[in-house]
Every structure is written in C-alpha cells, then in structure tokens.
C-alpha cells in the first residue's frame, strides 16, 4: 500500500467529533486562561486605584487573585495534555469501531505507516531495529491507557461536572461588571432613571470583593462614570466576557468528548469486543 492511500484511509477513519472537540477545547482553554489572567490583573488595579486606599483592605483579595492566576497556569497545562490524550483515545476507539463495521482497516493502515516510518524490514541496521523497538514499546504503553475507554468516560464526566462549576463562577465577574456598566449608563443618561445621580453607586463591598469596613469601598455619580470611561475598565470588562465565552467553549468540548467516548465504548461492549484491542 502506498503512503497516499494509507493517508487517505486514515483521513476517512479520523474521529471528526474528537478533532472538533480538541480544537474547541484548546481554543476555549486558551481564551479562558489568557483573558481570565489579564482580567484578574486589571481588577486588582481598579480596586487599588479607585475603591480603596488602604492596602490592608484589599490584601486578601490580591492573595486570592494571585492564587487563581497560579491555578490558571495549571489548568492550561492540564487541559493541553488531557486534550491530546483524549484525541488519541478518539483515534484509537473510533478505529476499533470502524474496524468492526468494516469501514476502516486499522491493521492495514498501521502496517503501511509502520513500514513508512521504519523503512521496512530490509536493509535496517541495529540502530533502526533499536528505534523500531522503542517505538513499539511506546505504542504498547500508550495502548494500555487507550484500551480502556470506560476510564476516559468516567474521568471526562467528573471533569465536566467540575468545569460546569468553573463556568458558573466565570459568570460572576461578568455580572458584577455588567451591573457597574449599567449604573454608568444610568448616570450618563439621567432621563432613563428617576434616581438622583449622586445615589447611583458601584459598591465593591456588596459583592464581597472588599470587607465592609473598607473605605471608601464604593464610587458614586460622576466619579463612577469617569471610571467606566477608562480604557482599563472597558478592557477588563471585555476580557471577563471573553473568559466566560472560553469557559463555555471548553464545556461544550468536554460534552462532545464524553458523548463520543460513551458511544464508542457502548458499541465496543455491545459488539462483544470488550475494551482490549
């Protein structure tokens, strides 16, 4: 079998659901982690510049922000590795399912690819044999992991539940900034509200961002409007929105992974193949 024919068969047997989910996962995590990190930094600057002059008032908030930023670093690394592993699992189980139905002959394609990589059996020295042996060991170890789709279904299900909480929490800063922006719109257009401009405020203490004894803790009237007009506020608001969208995209990708893995696992069990290929 030629290399082109082998590649064509591999493309036909590609797990497109896993490919789409992987791309969506990487995009969502990058958006969530990158924008979320910068949005937290912007929030820290806004709080210490406009809402409190005493470092003791927002010291705890800064520690929490820094802790979340370190968590973001770990989240990005974890999802990069786990997404790649889920993609490999998608190729592995989808190939097995299509081999059952006769749509995709993984053994033939695998032989063609192996012959292309190792250069065939003829004329191969000890170095080539050593490399081939190392590759076989790696594939064998990887196959032990990928040969248990039930574990991936369980882990992905638990991860989806956890990420659902992350998605809900990512909506909180969007809600706070949206309320602040709405208050600024009321100040900018007094005809839309019957309240006095001086009584329209954004109170960081009300959301638990600052303790109740923080001073001033809130900004009202024209001072609040001037804050909303700053590029720093606008950028932070939009970064939180982007992080929220990234969390939603990641949640959709995890659901897609879980559905695809569950389907493949169910087919393999029903066809009596078990989880060993």
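The backbone N, Cα and C atoms fix where each Cβ goes, and this holds for glycine too.
Swiss-Prot lists transmembrane segment at one of the ranges 152-178, 179-205, 206-232, namely 152-178. The membrane topology recorded in Swiss-Prot keeps residue 44 and residue 234 together on one side.
For the transmembrane segment (11-36), the list of distant contacts is 68, 72-73, 75-76, 79-80, 83-84, 86-87, 89-91, 93-95, 98, 103-104, 106, 109, 170, 239-240, 242-243, 245-254, 256-257, 259-260: same-chain residues at least six beyond its ends, Cβ to Cβ under 8 Å.
Computed over the topological domain 'Cytoplasmic' (1-10), the whole-number mean pLDDT of the model equals 58. Recorded residues residue 201 (disulfide bond) and residue 228 (disulfide bond) have their alpha carbons 12 Å apart, per Cα-Cα distance. Residue counts of the topological domain 'Extracellular' (37-59) by helix, strand and coil are 20 helix, 1 strand, 2 coil (DSSP-based). Taking a C-beta cut-off of under 8 Å and a sequence gap of six or more, residue 184 (disulfide bond) has these contacts in its own chain: 224, 225, 227, 228, 229.
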